[in-house]
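Now, the feature entries from TrEMBL:
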{"type": "ACT_SITE", "residues": "187", "note": "active site, proton acceptor"}
{"type": "BINDING", "residues": "11, 12, 13, 14, 15, 16, 17, 105, 112, 129, 130, 131", "note": "NAD(+) binding site"}
{"type": "BINDING", "residues": "92, 98, 131, 162", "note": "substrate binding site"}
{"type": "DOMAIN", "residues": "5-146", "note": "domain 'Lactate/malate dehydrogenase N-terminal'"}
{"type": "DOMAIN", "residues": "157-325", "note": "domain 'Lactate/malate dehydrogenase C-terminal'"}
Ligand code: NAD
Ligand code: LMR
């Protein structure tokens, strides 16, 4: 057994929190040999509900769960944490875009960024889920003085998983056969699920699914609009699938599960200028990971004119979001 990983989850009494905590505590994020200590942050009115969740975590008798602490103070919850999952934020309702949440949710991330910098462990890593996730991660990083920006990531893994599932269905193959699927840009309707570089059963996806009209049309729109489709159908935004994608995101990044040889995963990370994405913007990229805290952008991929145009629109949107929160950066 290794020493415990201390994991903070914000918004822990919310929908995603309820699905996420049991996955973390059961060992799915950090593997079967790593105990976890949970540090759960909520707003004061939700602390009662959070106590109920903690009681249920106790009742599950997870062998790897080494402790649970609840707090409504960011500095307390983040003390010594190695990994922070920033989920706590308002979800959008019907008729809203994720960017509509920016002003309300953005301010959560100024204080939490600062608290992470002052209280987190020296190897702290941060994954932002609360929407609009890319720009919230930018805000948190900008307010975390002394912490390298590359420790701040946002989740586009749900979009990757959604895209893989759509391609697998169309090709009539198990989803595990779809690999090398990157989602570029913003976690918003401008996101770019990259079918040109994806593979199905080891072959280029575009050789297996030759209907380019479907790829550029129905496939793209289905993935881009999946969050809305779920809100419309469920009356609430995706929760269990989001928690599952976060488990995937963190497990690959620092949970001992490196990307498979030749494959990559999607993470929104601060751009180093690769592929023309302006430096500093937090954008989805294909990355390889070592499972131990390091990721690298996959270089040398070709983007079609279609994909480049779409990526530019997503980058423009990220820049507009950044401009809208300039006072928080
Ligand atoms: P929810 O409303 O069920 O839960 C959010 C929780 O956050 C609530 O319990 C609330 O009390 C708490 N909270 C609010 N402000 C807080 C603060 N300052 N500190 C700590 N906790 C705080 O919402 P949810 O369905 O769990 O979704 C959470 C967020 O995740 C939303 O913004 C949603 O849009 C986003 N989301 C992102 C993705 C993605 O792929 N990036 C996917 C699904 C949902
Ligand atoms: C999702 O993609 O399901 C989430 O970002 C929730 C939303 O508002 O779409």
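Just so you know, glycine gets a Cβ as well, placed from its N, Cα and C.
Whatever TrEMBL says is automated annotation, not expert-curated.
Here the features listed in TrEMBL are placed on the structure.
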residue	record	Cβ neighbours (10 Å)
11	NAD(+) binding site	25
15	NAD(+) binding site	18
17	NAD(+) binding site	26
92	substrate binding site	18
98	substrate binding site	22
112	NAD(+) binding site	29
130	NAD(+) binding site	27
131	substrate binding site	26
162	substrate binding site	24
187	active site, proton acceptor	30
For the domain 'Lactate/malate dehydrogenase N-terminal' (5-146), the mean pLDDT of the predicted model: 96
For the domain 'Lactate/malate dehydrogenase N-terminal' (5-146), residues assigned helix / strand / coil by DSSP: 63 helix, 27 strand, 52 coil
Pairwise CA distance, residue 187 (active site, proton acceptor) versus residue 92 (substrate binding site), rounded so that it is a whole Å: 13
Cα distance (Å, whole number) from residue 11 (NAD(+) binding site) to residue 98 (substrate binding site): 17
Residue 11 (NAD(+) binding site) versus binding-site residues 92, 131, 162 - nearest by Cα: 131
Distance-selected binding-site residues near ligand 2 (C-beta under 6 Å), from 17, 92, 98, 130, 131, 162: 92, 98, 131
Distant-in-sequence Cβ neighbours of residue 13 (NAD(+) binding site), under 8 Å, six or more positions away: 40, 42, 46, 47, 49, 50, 53
